[in-house]
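Asks: What TrEMBL shows for this protein is this:
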type    : residues                                                                                       : note
BINDING : Arg39, Arg45                                                                                   : NADP(+) binding site
BINDING : Arg132, Ser133, Ser134, Asn253, Ala254, Gly298, Lys313, Pro314, Ile315, Pro316, Thr317, Arg339 : FMN binding site
Amino acid sequence: MRYLTSGESHGPQLTAIIEGLPAGMPLVDSDINEELSRRQKGHGRGRRMQIEKDTVNITSGVRHGYTLGSPVCLAVENNDWKHWTKIMGAEPLNEDELAEMKRVISRPRPGHADLNGALKYGHRDMRNVLERSSARETTVRVAAGSVAKKLLSLLGIKITSHVREIGGISADIKEYPPIDEMMKISEASPVRCLDENAGQKMMNLIDEAKQNGDSIGGIVEVIVEGMPPGVGSYVHYDRKLDAKLASAIVSINAFKGVEFGIGFQAARKPGSEVHDEIAWNETDGYYRKSNNLGGFEGGMTTGMPIVVRGVMKPIPTLYKPLQSVDIETKEPFTASIERSDSCAVPAAAVVAEHAVAWELASALMSQFYADRFETLLETVEMQRTYAREF
Ligand SMILES: Cc1cc2nc3c(=O)[nH]c(=O)nc-3n(C[C@H](O)[C@H](O)[C@H](O)COP(=O)(O)O)c2cc1C
Ligand SMILES: C=C(O[C@@H]1CC(C(=O)O)=C[C@@H](OP(=O)(O)O)[C@H]1O)C(=O)O
């Protein structure tokens with residue numbers, strides 16, 4: 001399976017085209033809209049989220065609530081577009097407006113794509129860069145990911161996400177509740193934090209950062225239960241499923257790091273405290289007595305829950321901007337200010353969840369390829385039985 005996205009942040013719409021879905025999979029708008037709405041929530045977001053109410057228009061590949069096996073096109077309109085038609089060049093301008101338009105963005109924001117993107121593509125107006133480098137694009141990544149999440153859920157695979165840390169305040173999770181419970185808590189919490197105390201502190205810190213014209217980042221965690229063992233491969237670098245997940249996480253705007261299970265802690269412990277002992281029983285087949293490695297050995301799923309975390313840096317646009325240089329005059333200036341979030345970690349958790357869902361669904365489809373969804377169901381079930389009895 002693959003997908004492409006297109007669209008500018010303040011253009012008319014965002015689009016994703018998915019190729020390679022099996023035919024006969026149930027899919028309706030609400031499967032996608034519920035996930036889009038989750039991405040829009042979360043303490044710390046700017047005014048844009050009040051303007052948008054992201055809903056999908058499925059324009060191809062689905063009839064009467066079932067996939068056809070043909071490309072699925074998902075379109076999400078930008079409500080904000082109507083305020084930007086002139087700036088985005090969709091309307092002819094009079095002289096005054098033209099003069100106004102000469103206020104091009106020439107002072108790159110440290111930490112955003114502005115300067116690198118401008119010099120790469122030769123844009124003197126950095127709006128040409130920020131329109132596409134904006135995380136607005138994650139809307140349709142979530143749309144595509146929600147189709148993958150639907151496929152996973154029909155195969156009995158559950159996935160959720162939550163916030164582990166914001167601005168250095170860490171959620172103190174002694175024991176994870178069952179995954180259905182985690183889904184509910186993270187949905188209800190304004191920072192998607194499973195620990196209510198830490199959640200409140202995180203919100204206070206976000207408010208403080210906002211008041212100071214600053215921004216903060218954090219750590220999100222994605223948890224998956226029900227993946228059959230043996231998905232992915234050890235035989236080649238580009239077939240290792242943990243590597244694909246790592247790439248998907250780091251591809252999210254502002255994500256700088258990734259870890260599985262106990263992650264970086266593994267560097268500070270002896271092997272006897274890291275590797276998960278293997279056991280077997282009739283109901284579950286092989287299982288691990290612990291899950292320090294977060295569901296992967298040798299680039300393949302172990303059948304244990306997948307636990308993957310991603311690190312998001314603070315948002316680069318600052319209302320108290322950092323020093324930069326004007327690319328026209330080469331004089332030092334403070335960076336330009338665009339309307340901005342002060343913290344988008346809770347939203348980014350939902351994006352990470354969908355990025356992971358996509359990679360897992362895609363791996364299942366390449367390993368158990370099926371033109372018909374029913375065949376996929378049967379083959380995945382066969383793999384589970386085979387693994388249990390192996
Ligand atoms: C959900 C989400 C919302 C974001 N909102 C903003 C924002 O309002 N302002 C901003 O400057 N960056 C925001 N970012 C981060 C930038 O998009 C990102 O830093 C930029 O594209 C540069 O890419 P890089 O940080 O991966 O190098 C957001 C990221 C995510 C995931
Ligand atoms: C629009 C979204 O996030 C945007 C991501 C973003 C950036 O620079 O990445 C900058 C802001 O854009 P705007 O200036 O239009 O408010 C965010 O709002 C979204 O998540 O849907």
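Placement of Cβ uses the backbone N, Cα and C atoms for every residue, glycine included.
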Asks: Among the binding-site residues Arg132, Ala254, Ile315, which have a Cβ atom lying under 6 Å from any atom of ligand 1?
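Replies: Ala254, Ile315, in sequence order.
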Asks: Are there any residues at least 6 positions away along the chain from Arg45 (NADP(+) binding site) with a Cβ closer than 8 Å to its Cβ? List them or say none.
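Replies: Once residues fewer than 6 apart are set aside, Arg45 (NADP(+) binding site) is near Asp341, Cys343, Ala344, Ala347.
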Asks: State the Cα to Cα distance, in Å, between Arg39 (NADP(+) binding site) and Ser134 (FMN binding site), rounded to an integer.
Replies: 15
Asks: Once the chains shown are all counted, how many other Cβ atoms turn up within 10 Å of the Cβ of Ala254 (FMN binding site)?
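Replies: Ala254 (FMN binding site) is surrounded by 19 other Cβ atoms within 10 Å.
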Asks: Suppose we screen the binding-site residues Arg39, Arg132, Ser134, Ala254, Ile315 by Cβ distance to ligand 2 with a cut-off under 6 Å; which survive, in sequence order?
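Replies: Ser134, in sequence order.
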Asks: Looking only at Arg39, Arg132, Lys313, which of these binding-site residues has the biggest number of Cβ atoms within 10 Å around its Cβ?
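Replies: Compared across Arg39, Arg132, Lys313, the most Cβ atoms within 10 Å surround Arg39.
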Asks: Counting other Cβ atoms within 10 Å of each Cβ, which of the binding-site residues Ser134, Thr317 scores lowest?
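Replies: Counting other Cβ atoms within 10 Å of each of the binding-site residues Ser134, Thr317 gives the minimum at Ser134.
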Asks: Using a Cβ-Cβ cut-off under 8 angstroms and a sequence gap of six or more, which residues of the chain neighbour Ile315 (FMN binding site)?
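Replies: Ile315 (FMN binding site) has long-range Cβ partners Ser215, Ile216, Gly217, Ala254, Ser340, Asp341, Ser342, Cys343, Ala344.
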Asks: How would DSSP class Arg39 (NADP(+) binding site) in three states?
Replies: helix
Asks: Could you tell me which three-state DSSP class Arg132 (FMN binding site) falls into?
Replies: helix
